[in-house]
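Q: Have a look at this one.
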Amino acid sequence: MPRILDGNRVRDEIKGELKPRIAALAAHGRPPGLAVVLVGNNPASEIYVRNKIKTCHDLGIYSESITPPDTISTEELLAIVQGLNARAEIDGILVQLPLPPQVDTKRILMAVSPAKDVDGFHPCNVGALVANLPAPRACTPAGIMELLKRGGIPIAGQRAVVVGRSDIVGKPVAMLLLHEHATVTICHSKTPDLKSLCREADILVAAIGRAAMITGEFIKPGATVIDVGTNHVADREKAARIYRNSPEKMANFDKRGNLLIGDVDPVGVVEKAGAYTPVPGGVGPLTIAMLMVNTVASAERRAGVC
């Protein structure tokens, strides 16, 4: 059986490491502060924001959420961001994506002060990532690296294949792997013979947003498989096919009306991989944990205590 890379365990380790740093900041003057901007009432985004705010509360980080309506204009949202940039007690600003179509997302993300950009999306911080300079790293890619390192997975000299080229996951995780001396290939929808490329990977990262697309045929025996996907499958027939009619999984489907399935075939990965991240409970918990890491680090830099 392959080894499971347990994101919940690593998350708890990181939270334990953050607590004394947060206490030191509070003793120095004030705790770290995080502001989350959530536009409109997207149910999935609301869940993510609630989880972030709860984690802040658990750790002793000051947090607040700003919830403008989904009719907001780019200029109005820019004014909110600029106001948060100016507030001394706010160390981190997160603008929850996606934004409504009338809002210029790039302008909003560029308006966040690079020093308070705890998502790692500002061009200045992306440039620092490329140059391997200290700066906030995108949370999900940073979490993936923590899972690999704390899980004892060798990176240097390994062949890594990243399936997906998004600015949020694919590109930054490829760069982080490169900085750790892996040989990295990025694949996408136009990549020919994807299956054979994936089969060469010692570390395979799937971040494409398609449920169970990466089957066992894509996986090199013994490879480490990182599944970034979070796909809610509401088609019972499809869920049954993916889980090979597992009675336990189908009972869960009937209870909830859907199943959360990653980008990797959950049965095929068990048959082929040497280690893998489950969905849920793999990469997901680390995304919020690394947001907390970035917020605390920002507070330390701004307080001059790091």
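Each Cβ is built from the backbone N, Cα and C atoms, and glycine gets one as well.
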Q: Out of Ser189, Ser196, which one does Swiss-Prot list together with Gly164, Arg165, Ser166, Thr230 for NADP(+)?
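A: Between Ser189, Ser196, Swiss-Prot records just one in the NADP(+) site with Gly164, Arg165, Ser166, Thr230, namely Ser189.
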Q: If you run the three-state DSSP split on Ser166 (NADP(+) binding site), which class comes out?
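A: SS state of Ser166 (NADP(+) binding site) = coil.
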Q: Quick check on the binding-site residues Ser189, Thr230: which one has the highest count of other Cβ atoms within 10 Å of its Cβ?
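A: Counting Cβ neighbours within 10 Å, the top one is Thr230.
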Q: Helix, strand or coil at Thr230 (NADP(+) binding site), per DSSP?
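A: Coil, per DSSP.
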